[in-house]
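Per TrEMBL, the features are:
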COMPBIAS  533-544  compositional bias 'Polar residues'
DOMAIN    11-69  domain 'ABC transporter'
DOMAIN    98-150  domain 'ABC transporter family G'
DOMAIN    230-435  domain 'ABC-2 type transporter transmembrane'
REGION    533-552  region 'Disordered'
TRANSMEM  249-271  transmembrane segment
TRANSMEM  283-303  transmembrane segment
TRANSMEM  323-347  transmembrane segment
TRANSMEM  359-381  transmembrane segment
TRANSMEM  387-405  transmembrane segment
TRANSMEM  478-499  transmembrane segment
């Protein structure tokens with residue numbers, strides 16, 4: 001989806017293989033990334049993989065936020081070395097770095113040091129030590145240059161020194177950095193930079209680039225693949241993920257089968273005695289009232305899938321409609337397997353109303369209920385910030401939708417306001433339970449309550465005891481349930497489309513505001529814009545070069 005649809009499969013595979021080789025991932029090319037039960041590739045390989053996904057489209061500018069965080073020294077060096085290789089191919093690589101080692105520091109060509117938003121140094125990385133030495137703060141012989149820069153510019157060290165003084169401890173440091181407070185050192189460095197040739201070179205370069213900004217920038221418009229290719233790719237990936245992850249569906253299928261066996265033994269061969277009337281109602285209520293709550297177990301996996309979706313949607317690879325449809329297609333076989341495996345066990349062990357049509361109705365009815373509940377859980381997962389809140393809110397929503405159904409009270413006994421109208425019509429459990437009541441009891445005769453009386457028909461049980469309306473058949477109940485399923489899918493689509501994107505206008509407003517502030521600062525002798533080098537030439541030698549077209 002990241003590459004143009006006009007490319008053939010062989011061309012795409014070639015680009016992928018070249019990217020794998022460029023990032024040094026050929027040794028783990030056939031290894032799974034890993035999850036909670038599969039170790040997979042290492043953290044350093046995951047970092048390089050995420051970078052490889054971004055350079056797949058050959059962008060002109062690559063922005064990275066602390067790409068070495070959480071990595072050991074060898075993995076961190078490998079990641080930065082790979083970025084250095086990308087930069088030497090003519091790309092612009094800009095990254096913030098967290099506690100770099102001296103080996104990593106010497107790989108950088110240009111360096112921008114910021115302290116509380118103020119520029120302390122901007123120029124070639126190899127000249128930074130000379131700049132600090134000329135300002136009166138030379139780096140000790142055995143100290144990492146990046147650590148020395150942090151010691152000189154981070155104001156938090158003043159607070160640490162005060163605490164240590166109060167506790168009568170001393171902070172081992174060089175004499176030049178301890179005789180002055182960090183705030184004074186920072187102020188001296190900032191003033192030194194403002195009066196240096198480095199700042200004037202940077203300002204002149206920025207002013208030169210401003211004259212070229214009207215040439216137009218080639219904007220990245222997202223995926224260039226067709227909707228059909230997006231759907232096929234997402235469906236295949238989602239199905240593969242569901243198949244490999246035992247916690248996504250396989251574990252829940254096992255639980256459904258175990259509960260089905262338990263329920264079948266509890267109501268084994270329920271029969272048609274007068275006591276079986278309430279027993280059948282209890283069995284149906286248990287199936288559609290409590291079994292489907294197991295679908296909440298899929299919420300952690302939905303949240304992980306949504307994280308991938310949000311990241312890829314923000315880059316324009318595909319939209320919400322493709323994601324929802326692909327999820328429907330990929331989850332369909334697992335939901336069918338869940339409903340028919342557990343439904344078959346329950347149906348034949350309990351011995352509901354026999355007949356192929358009745359059996360098919362029971363399993364399809366259960367399938368629709370599971371699909372509706374999963375859709376509700378996905379909508380909740382897209383709204384909550386973490387798994388614990390999602391499980392609590394998701395379970396509450398499902399129970400709330402069960403309340404206006406025959407599981408707790410018959411429909412005529414429900415309060416007319418809100419619960420009967422409109423909630424009983426919006427409750428999936430209401431349609432599912434009354435449809436299964438009709439499917440199981442219509443055409444069945446039960447033993448009389450008193451000896452010698454006539455047998456009790458299923459129709460009489462439905463109308464007088466269970467309060468199920470008989471003005472429409474069970475297929476209308478199933479149709480209403482299927483309609484609710486479509487409505488829930490539409491709600492999921494709307495939630496994905498508008499809820500997470502509601503922040504975008506605000507972020508765009510703050511971005512524009514920051515841009516105007518940056519321009520004013522530029523005119524007030526506060527340069528804050530830097531430019532990366534092309535190929536292997538440092539910034540200071542690019543006085544006459546034009547700004548490249550950017551494609552993010």
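Cβ coordinates come from backbone N, Cα and C, glycine included.
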Top Cβ-contact partner of the transmembrane segment (283-303) among 323-347, 387-405, 478-499 (pairs under 8 Å): 387-405
Composition by DSSP (helix, strand, coil) of residues within the domain 'ABC transporter family G' (98-150): 20 helix, 13 strand, 20 coil
Across the domain 'ABC transporter family G' (98-150), average pLDDT on the 0 to 100 scale: 89
